[in-house]
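Visitor: These came from TrEMBL, pasted as-is:
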BINDING   Arg53, Gly54, Ala55, Arg96, Gln203, Asn254, Lys255  substrate binding site
SITE      Cys164  site 'Transition state stabilizer'
ACT_SITE  Asp244  active site, proton donor
Amino acid sequence: MADHVTVIESVKLDDANDAIILLDQTKLPNKKEFLQLKTVDDVWDAIYQLKVRGAPAIGIAAAYGIYIVTKNSTASDFEAFYQEFKKAKEKLASSRPTAVNLFWALDRMEARLMKEKEATISEIIRALKNEANLIKKEDQEVCEAIGRHALEVLEPGWGILTHCNAGTIATAKYGTALAPIYLGEEKGYDFKVFADETRPLLQGARLTAWELNEAGVDVTLICDNMASIVMSQKKIQAVLVGCDRVAANGDAANKIGTSGVAILAKHYGIPVYVCAPMSTIDLNTETGNDIEIELRPEEEIKTKWYSESMAPEQVKTYNPAFDVTDHTLITGIITEKGIVSPSYKENLAKLFD
Ligand code: MRU
């Protein structure tokens, strides 16, 4: 299925070397460089620096991180092992605040640990490895299912606008918003994808345009401020985006700029689909106002991608990494269980019944 996804795995376990092998996404599209992560600080730094990014991939990296840093534990009893586990968990949980998948994966690792309370330390470590592997395996299946469901509402030949990167490298495979693109490609849907460049860190230009291009998909890169003209010219029939956290009322936090795209799409009468695994839906967060929006350093706006500063040194910056798309702007939330339509409060809750 979907042989078009030829792009390399972004997060892999190298058990023999007690390491996570990570595709350094900050180096794309110019270099395919792999890092070896061995310590909790390595994993924290990789997540914070966006070497691994995208909600599901962050969760997978954190799960493997927990396993890697606890596998050589010398703890002699459960309590001592649990203290080490908790220290690593708390550290990783402090890396980025918005994507709920990070906390979801860490909690899932803890739940597995608790199930093994009576087991030996080596059995517990084996169980943690199995759980991390399972999180990754399930994510691939979940993404494929999201892709299949999304195809129910898309038609061959459509122009699809996407923002940021919710592709194969942001997940175990296929991506969320890009899964239907890959699955559709297999079926000859021949989508025309428009990728917003996604300032300030250019995930659309560096990652989405790169991975779709590698896979032979028809992709056109546009600057963020071009979405309106492209929509007005009827080049876009649907907007597909990923998500970092869906609140109980359907408000969805995703990469900064997503809400602007959704507002434009409403103006032009274009449907907006948020592609989100169940692990991204957080019923404990009531509305988008309750989602913590990560603030990132000013160098990302002023200097990061430039050989010279692109702004006066003293100028203040404001660099929120995400924004919240109001649920009223979302046509449907596409999960592995199917497409959720409004009213989201009722229908998201039903999904978990
Ligand atoms: O800051 P990033 O690059 O981690 O932001 C990623 C996004 O906003 C993605 O759309 C989201 O995490 C979904 S990835 C399947």
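Cβ from N, Cα, C; glycine included.
These numbers come from a predicted model, not from an experiment.
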Visitor: Secondary structure at Gly54 (substrate binding site) (DSSP, helix/strand/coil)?
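Guide: For Gly54 (substrate binding site) - judged by DSSP and reduced to three states - the answer is coil.
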Visitor: For the binding-site residues Gln203, Asn254, which one has its C-beta crowded by the most other C-beta atoms within 10 angstroms?
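Guide: Highest number of other Cβ atoms within 10 Å: Asn254.
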Visitor: Near the substrate site, what residues other than Arg53, Gly54, Ala55, Arg96, Gln203, Asn254, Lys255 in the same chain have a C-beta no further than 8 Å from the centroid of the listed C-beta atoms?
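Guide: Checked against the 8 Å cutoff, the neighbours are Ile58, Ala99, Cys164, Asn165, Ala166, Ala170, Gly242, Asp244, Ala321, Phe322.
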Visitor: Taking the residues Arg53, Gly54, Ala55, Arg96, Gln203, Asn254, Lys255, which the record names as binding substrate, find the longest CA to CA distance and state it in Å to the nearest whole number.
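Guide: Overall maximum Cα spacing for these binding residues reaches 17 Å.
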Visitor: Can you tell me the CA-to-CA distance separating Cys164 (site 'Transition state stabilizer') and Gln203 (substrate binding site), as a whole number of Å?
Guide: 5
Visitor: Going by DSSP, is Gln203 (substrate binding site) sitting in a helix, a strand, or coil?
Guide: helix
Visitor: Do you know offhand how many angstrom separate Gln203 (substrate binding site) and the residue listed as 'active site, proton donor' by C-alpha?
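Guide: Per the Cα atoms, Gln203 (substrate binding site) and the residue listed as 'active site, proton donor' stand 14 Å apart.
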